[in-house]
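J.: Below: one structure in structure tokens.
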Amino acid sequence: MAYPFQLGFQDATSPIMEELLHFHDHTLMIVFLISSLVLYIISLMLTTKLTHTSTMDAQEVETIWTILPAIILILIALPSLRILYMMDEINSPSLTVKTMGHQWYWSYEYTDYEDLSFDSYMIPTQELKPGELRLLEVDNRVVLPMEVTIRMLISSEDVLHSWAVPSLGLKTDAIPGRLNQTTLMGTRPGLYYGQCSEICGSNHSFMPIVLELVPLSYFEKWSVFML
Amino acid sequence: MLDIEFQKSPKGKWTTPPFDPRFPNQNQTRNCYQNFLDYHRCVKRMNRRGKSTQPCEYYFRVFHSLCPKSWVQRWTEQIQGGTFAGKI
């Protein structure tokens with residue numbers, strides 16, 4: 001989950017998010033290098049008494065500062081495309097979970113075997129227990145088995161919403177009349193928080209998502225209990 | 001750590017709809033709708049021929065897993081009311 005004074009991404013809980021983290025590190029390093037080089041050159045330019053007013057030919061430097069940025073862009077594009085295609089890999093999920101966005105809560109349906117469905121409302125600030133997170137906790141969490149490929153199908157019953165869990169690198173729009181698919185694979189147990197990511201009315205900021213990733217046996221017990 | 005193979009369901013039993021190459025992309029709306037149609041068409045034709053509708057169960061399980069309950073409810077009511085837009 002997000003924490004105070006956070007600077008970077010949340011810790012990755014899925015393989016894709018790990019890749020995205022590393023890609024971001026790589027790209028940000030390039031950006032820092034270019035920015036510091038430019039700042040340094042500007043500072044040099046502004047602090048010299050030397051002048052040169054008769055520049056006629058700059059062919060060589062122009063070539064360098066065309067080719068080099070092109071190479072840098074390719075070095076950014078290749079990992080980016082690699083991750084893009086990795087996100088689209090065909091995998092065989094073991095479980096399908098549907099989530100429907102409403103104003104202003106999420107509902108979840110697990111219908112592979114029996115019909116398990118429930119609503120997930122935010123816990124109001126007044127009713128939080130000590131240690132719980134403000135505007136992030138819900139009454140019914142989405143319990144899922146860990147280390148299992150899960151097909152998430154996301155839609156909406158009224159207006160546009162978006163189902164996002166940053167720790168797993170997930171964000172998929174919930175569009176009425178459309179069923180959007182995303183793949184979820186959590187590598188470790190824990191609680192993972194997200195918030196609605198498409199403006200949907202007055203309580204848009206108050207419909208969070210909480211995933212509870214647990215071992216398969218716990219998930220089976222929970223689903224029997226919830227039925 | 002946890003044995004993934006041990007966690008998977010015994011072979012031959014239903015887990016979840018498999019990947020359908022007819023619908024490879026993010027938008028799975030048609031996947032849900034098509035299996036819903038295919039189930040009802042299958043049941044109608046099997047009943048017309050007096051055969052068992054057991055083979056149609058595959059389509060039922062797929063749309064039951066994929067389609068939101070509200071959609072299935074709405075379409076079922078439309079079928080019963082004669083206002084369903086699809087061809088069955």
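Backbone N, Cα and C atoms are what each Cβ position is placed from, and that goes for glycine too.
Unlike curated entries, TrEMBL annotations are predicted automatically.
Per TrEMBL, disulfide bond is recorded for B:Cys32-B:Cys67, B:Cys42-B:Cys56. According to TrEMBL, the feature region 'Disordered' maps to B:1-27.
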J.: Count, for each of the disulfide-bonded residues B:Cys32, B:Cys42, B:Cys67, the other C-beta atoms lying within 10 angstroms of its own C-beta, and report the residue with the smallest count.
T.: B:Cys42
J.: To the nearest whole angstrom, what is the C-alpha distance linking B:Cys56 (disulfide bond) and B:Cys32 (disulfide bond)?
T.: 15
J.: Three states by DSSP: which one describes B:Cys67 (disulfide bond)?
T.: coil
J.: Using the alpha carbons only, what distance in Å do you get between B:Cys67 (disulfide bond) and B:Cys42 (disulfide bond) once rounded?
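T.: One finds 18 Å between the Cα atoms of these residues.
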J.: So for B:Cys56 (disulfide bond), how many other CB atoms are inside 10 Å of its CB?
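T.: I count 20 other Cβ atoms within 10 Å of it.
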J.: To the nearest whole angstrom, state the Cα distance for the pair B:Cys42 (disulfide bond) and B:Cys32 (disulfide bond).
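T.: Cα to Cα, B:Cys42 (disulfide bond) and B:Cys32 (disulfide bond) are separated by 15 Å.
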